[in-house]
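Trainee: Here's a structure for you.
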Amino acid sequence: MERTYVMVKPDGVQRNLAGEIISRFEKKGFQLVGLKLMQITPELAGKHYGEHEGKPFYGELIDFITSGPVVAMVWQGQNVVSVIRNMMGKTNPAEAAPGTIRGDYAVFMGNNVVHGSDSPESAEREINLFFSPEELVDYKKATDFWLYGK
Ligand code: IDP
């Protein structure tokens, strides 16, 4: 079963949206396998956003993501990477469709409330960056039959 790394960013935590965001993925049918509230260090932020180093907004991005606690999560389910990206909406909240998390709760590019891995490869890298294997819980959900028919 596919897994993805999701985090409620510092603006989402401060604006009391963590529960709402978790609730959307729960109701969709995805399974939570890792969860913690944490403060990201500049070093970890640099590793997470390494692909953006050198871009004009890089400094702001690192300052923002380290500006307060985040809720770090691992979610599991069929096609979870792409489905959660769709549920988050476009990176720029001004272009994110109503009904998506960014479309409903954000207005500005830098402060877009939530992060989700953009591919299964990124997901594996990001999960390993934020979680140790012991922090991820393997368990069976009774609802699987009603979600997947097996
Ligand atoms: P994503 O978060 O939708 O995957 P990325 O392109 O990976 O988008 O960018 C990472 C984060 O960097 C975005 O969520 C956004 O907060 C910020 N960001 C991206 N592009 C810009 C920009 O042009 N100006 C300011 N912030 C940006």
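Glycine is treated like the rest: Cβ placed from N, Cα and C.
Taken from TrEMBL, the feature active site, pros-phosphohistidine intermediate covers His115. Annotation comment: TrEMBL describes Lys9, Phe57, Arg85, Thr91, Arg102, Asn112 as ATP binding site. Per TrEMBL, domain 'Nucleoside diphosphate kinase-like' is recorded for 1-138.
Are these features on the surface or tucked inside, and what are their neighbours?
Mentor: In the three-state DSSP reading, His115 (active site, pros-phosphohistidine intermediate) counts as strand.
Sequence-distant contacts of Arg85 (ATP binding site), defined by Cβ-Cβ distance under 8 angstroms and a gap of at least six in the same chain, are Gly116, Asp118. The secondary structure of Arg85 (ATP binding site), as reduced to three states from DSSP, is helical.
Note on the domain 'Nucleoside diphosphate kinase-like' (1-138): DSSP counts are 62 helix, 26 strand, 50 coil.
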Trainee: Enumerate same-chain residues with a sequence separation of six or more from Phe57 (ATP binding site) and a Cβ-Cβ distance below 8 A; give 'none' if the list is empty.
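Mentor: Phe57 (ATP binding site) has long-range Cβ partners Gly110.
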Trainee: Please report the distance from the Cα of His115 (active site, pros-phosphohistidine intermediate) to the Cα of Lys9 (ATP binding site), rounded to the nearest angstrom.
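Mentor: The separation of the Cα atoms works out to 7 Å.
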Trainee: Filter the candidate list Lys9, Phe57, Arg85, Arg102 of binding-site residues, keeping only entries whose CB is under 6 Å from an atom of ligand 1.
Mentor: Phe57
Trainee: Counting other Cβ atoms within 10 Å, pick out the least crowded of the binding-site residues Thr91, Asn112.
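Mentor: Counting other Cβ atoms within 10 Å of each of the binding-site residues Thr91, Asn112, the minimum falls on Thr91.
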